[in-house]
Amino acid sequence: MEEPSLHGGIKSGNFDDHSGVKPAADEGGNNVDDPPPIPSASSSIQLTDERSAGESRLGNTSELKNGDGEGDVNRRAHTLARADVASELQTSLETGLTTQESVARHEKYGKNQLETSGGTKWWQILVQQVSNSLTVVLVIAMAISFGTFDFIEGGVITAVIVLNVVVGFFQDYRAEQTIQSLLAMAAPVCKVIRDQGAMTTIKAEELVPGDLVQLTVGDIVPADLRLISGVNLATDEALLTGESKASTKDADAVLDEVDVPAGDRINIAYSSTVVTRGRGAGIVISIGMHTEIGKIAQLLRAKKEIANKEESFFKRALRKIGSSTKSALGLVGTPLQVKLSWFALFLFALAILLAIIVFSVSLWDIDDETLIYGICVAVAVVPESLIAVLTITMAIGSKAMARGNVIVRKMGALEAIGGVTNICSDKTGTLTQGKMLARKAFLPSGKMLAVANETSPFDPTSGELSSEGSKISLESVQQDVELSMFFQTMALCNLSNVFQKTEDEANAQPTWTATGEPTEIALQVMAMRAGHARKEVVEREGMSSVTEHSFDSSVKRMTTIFQRNNERQMIAFTKGAVEVLLPLMTISDDVRKNILARADEMASTGLRVLCLAYRELSSADSESAKDRAFVENKLTFAGLVGLYDPPRMESAGAIKQCQQAGITVHMLTGDHLKTATSIAKEIGILGSHVAGSNTGSAVMTAHQFDQLSDDELDDLETLPLVLARCSPTTKLRMLHALHRRSRFCAMTGDGVNDSPALKGADVGVAMGLNGSDVSKEAADMVLTDDNFASIVSAIREGRRLFDNIQKFLLHLLISNISQVILLLVGLAFQDRDSNSVFPLSPIEILWANLITSSFLAIGLGMEQAAADVMVRKPHSLKAGVFTRELITDKFIYGTFMGCLCLVNYVIVVFGVGDGDLGFDCNESYNDTCSLTYRARGTAYSTLTVLLAIMALEAKHLTLGLFNMDPTKPGLTSVFSTVTKNRFLFFAVLAGMVTPFPIIYLPVINQTVFRHHPLSWEWGLVFGSVVCFVALVEAWKGVKRRKLRKARGREEEDGVVKTEESSIA
């Protein structure tokens, strides 16, 4: 009886292969371009789907039952044969559901997802906007304005509050939508069989009951499945059962009782569990909240609700208030967001302190004017647009990284990636192309094979197979037992498919393509080149598949077992690492040494060397065939094969960029030491001066590395740049060693066993193309192209983001400091009634902070990366954005700006005017206020114009305005600097132009802003611009001089260290 299959009735063992011009068709007439069918793990139970592919469906999808009732198939699936489950779910074991059926079921059952919060809700964003420290200060100011019957000022502040909340709400809402869309791009996917047996990849949330799903190692099971086939399949069910040991599955098993514990249902794979071994396939029986994990989630929710009800009202209220307050104040989110929220709260406290100082100066004789003056000072110290600008900047950064093939899964990584000091990267597919080419081979007789002139990694008709310069014919391969066994092992210990595909029969030529692992594809292509395509070998030798022992990173080998039907004998084909297979072979020491020498010779040329072996088994060994330890022993050497994986063209340049940026790149690979060393030299990880015998600690095997104690590792001058034969545990140990040196590390990974290292890294980076679901879940970022250069682009973007945050922080805080200086000193300016006169009115302060500064800060957040962004050392994440340089700069520039505003105010009042500030000029205009209003207009215009100029100076913390663009000389550099960022250019232009209508428009100037038009005072304003630029440029010059001295000392220290090391 035939074993059911996922490929249109392909019999067990009938490995379909595409060696002809057109794709081969299976017995159901379908083109097969999928991985080979999964053979049964046991031949004692053979079931079949009694319906043919052509029979009509039973009933329709509306008759399906998939709830929680006793009679539903999801409760009884483990007690039913596979064919019965398929029948009840109205699907086919051969062809799956049609698109029409899947759409209908999707509409009926909804998405395959657990009920979650789904991110931040719109009303939560609105609450955050209303309850932050900025809004609180403005609400207080509004209340006082209305309380003192100043309806114009109160109305303006109300409009500002509404505008700020609305703009902030839409900015944060769009940022949240961006985050959710990026997370959706990294959502789990799965492979399903639909539409007459075609395999397709869909999002896991689109699964419906009755779908056929394929599983491989590292996959997260997307729904509850009744297994229909499997090879050495095991899943980690600790999430459900608490058992740390993986649960071995048996698709053939049919249990007797319905009420069997979940952990004992060995023919069921549960949603959210992880495939730790083997491969298999199953029918979806439950999705979403109907899965076992969904039921647990419902129970936990119910228990939480019960616990909440049992909790006292007072405790429950306090907990909710605390949680809501924390969220409203912005004390949740990424580390930077939390830090800046705390900073905003600090400024809020400082605002209260400054208001108290104002009240103290008036000896607590607080009238309306004193109260409003105190509020003015409080408003001036708070950077109103801080959080909104940060949100916009991070959203822009996320989109930029997505365009650069990096999906940010955890927003904290957006901040962290720019501070990375070390990158631990895989080799295959990340630093290299991942397109293997079989170049050389070594046979037991000592014969060497070579492949030359191949034009495609997938085309077996290209290239020539030769031995010692002579071309090898297909006839000679068939007649040579040694060659035949070598290529048989290569073809049958292999799960890949190589075939020709025609997109358009009328116009396009058939093209060769492949599915499977790059290593196995290269081996299959070489075997096909020698006339040993898998299908041909199986048919010619009369073989059928028995079982398979999948590749495991802990044993570094793989075995398939076939039965020769005519002879009733079995043969096991094995491939793996050379040093792993040699101890399992029956060979002499001299032969072993010779094989190792040949392997080293091939590896030293950059080839990845695999060992091939086989073992003849008798029919009496059929039960023992399931025992991996028994099968993979007493092996016969079949040969070595050398695979070349060319480095990506951009890898060498990306590594050079990292080295220039002060980032050390480590290659952690499973390849042979000499292979890894050769590639590392080729792409620049190792300097060309590093010889194979003089690498010191720069190159190690994982065995050598793991033999060292932590103290010995810490005593090494440098940690290895290349770790060969690396296992996931070695990766984790390398990570710990780097952390003990206070390094900030990014780690790449793609396997299920890489999850601990990805979680332990400061920035975990998973592979999007070839990475497992588990590694993606554990990672902070996902590379959609598996390209090392994308990591470097992400670092560049992270540094740009960090720089821009510093820039807009500097600009916002300079504005606040200058205003505080002006207002605190302004306490000394008193009118005829001995009341302090506002150098700036409340509306002027709000306009400068919320309108002028906000758009300038957003422009700074959109700045391109500086020319030197990747030639600087990584910034300190311990200090964060509030570096000593930033703190010093903000006080110095803020003092410059505040003093210039103050000087202009004093010149107008006391230099040209008579010093008479009139009376009652804070609340309204009268005949005595002309001088005060002109002085106030001068101070406001000076502040606004200087803020616009400061935005240009803040584009770089050390380079001056006249040399920011090193590619352009003199004034052309200024023009390039000013116009390169168009948003900032127009924001600066607006900052320079908007004072004019505010100063000159009637009613608005006198009644709203409380200042008068200027005339000769514009000379003071633009004179202060010249003074301000001169002062800023002078300070930047001092900083550059200090920086040059520091670099000179570092270079001298470096020369001394080099000389000392050469002497040693």
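Any Cβ shown, glycine's included, is placed from N, Cα and C.
Predicted-model confidence for the domain 'Cation-transporting P-type ATPase N-terminal' (76-150) is 80, expressed as mean pLDDT. Annotation source TrEMBL lists domain 'Cation-transporting P-type ATPase N-terminal' at 76-150.
As annotated by TrEMBL, region 'Disordered' applies to 1-73.
Among the features that TrEMBL reports, transmembrane segment is placed at 155-173 (among others).
Annotated transmembrane segment per TrEMBL: 342-364 (among others), in sequence order.
Residues or ranges marked as transmembrane segment in TrEMBL: 370-396 (among others).
Per TrEMBL, transmembrane segment is recorded for 808-830 (among others). Tertiary proximity for the transmembrane segment (808-830) is limited to same-chain residues at least six positions away from its ends with a CB under 8 Å from its CB atoms, namely 347, 354, 357-358, 361, 373, 376-377, 380-383, 385-386, 389, 393, 836-840, 845, 848-849, 853, 856-858, 860-861, 881-882, 886, 889-891, 893-895, 897-899, 901-902, 905, 909, 917, 939, 943, 946-947, 950-951, 954, 957.
Within its own chain, the transmembrane segment (850-871) has Cβ neighbours under 8 Å at 160, 163-164, 383-385, 388-390, 392-393, 396, 657, 660-661, 795-797, 799-800, 803-805, 807-808, 811-812, 815, 944, 947-948, 951, 954-956, 965-966, 980-981, 983-985, 987-988, 990-991, 994, counting only residues six or more beyond its boundaries. Annotation comment: TrEMBL describes 850-871 (among others) as transmembrane segment.
Feature annotation from TrEMBL assigns transmembrane segment to 891-912 (among others). Sequence-distant neighbours of the transmembrane segment (891-912) (same chain, 6+ residues past either end, Cβ-Cβ under 8 Å): 810, 813-822, 825-826, 829, 839, 931-932, 934-936, 938-939, 942-943, 946-947, 950, 953, 1017, 1020-1021, 1024, 1027-1028, 1031-1032, 1035.
What TrEMBL lists as transmembrane segment is 940-962 (among others).
Non-local neighbours of the transmembrane segment (983-1004) in the same chain are 847, 851-852, 855-856, 858-860, 862-863, 937, 940-941, 944-945, 947-949, 951-952, 955, 1011, 1013-1014; each lies 6+ residues outside the stretch with a CB under 8 Å from one of its CB atoms. Among the features that TrEMBL reports, transmembrane segment is placed at 983-1004 (among others).
Long-range contacts of the transmembrane segment (1016-1035) within the same chain, counting only residues at least 6 positions beyond its ends with a Cβ under 8 Å from a Cβ of the stretch, are 889, 892-893, 896-897, 900-901, 903-904, 907-908, 934, 937-938, 941-942, 945-946, 949-950, 953, 960-962. According to TrEMBL, the feature transmembrane segment maps to 1016-1035 (among others).
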Task: Outside the transmembrane segment (940-962), six or more residues from its ends: residues with CB under 8 Å to it - done: 806-808, 810-811, 814-815, 818-819, 822, 840-841, 844, 848, 852-853, 856, 859-860, 863, 866, 885-886, 889, 893, 897, 900-901, 904, 970-971, 973-974, 977-978, 981, 984, 987-988, 991-992, 994-995, 998-999, 1009, 1011, 1014, 1017-1018, 1020-1022, 1024-1025, 1028-1029, 1032-1033, 1036-1037, 1039-1040, 1043
TODO: Report, as numbers and ranges, which residues of the same chain sit near the transmembrane segment (370-396): CB under 8 Å and 6 or more residues beyond its ends.
DONE: 132-134, 137-138, 140-141, 144-145, 148, 150, 153, 164, 167-168, 171-172, 174-175, 178-179, 330, 334, 336-337, 340-341, 343-344, 347-348, 350-352, 354-359, 362, 411, 414, 801, 804-805, 808-809, 812-813, 815-816, 819-820, 823-824, 827, 835-836, 838, 840-842, 845-846, 849-850, 853-854, 857-858, 861-862, 922-923
Task: Helix, strand and coil counts within the domain 'Cation-transporting P-type ATPase N-terminal' (76-150) (DSSP) - done: 47 helix, 1 strand, 27 coil
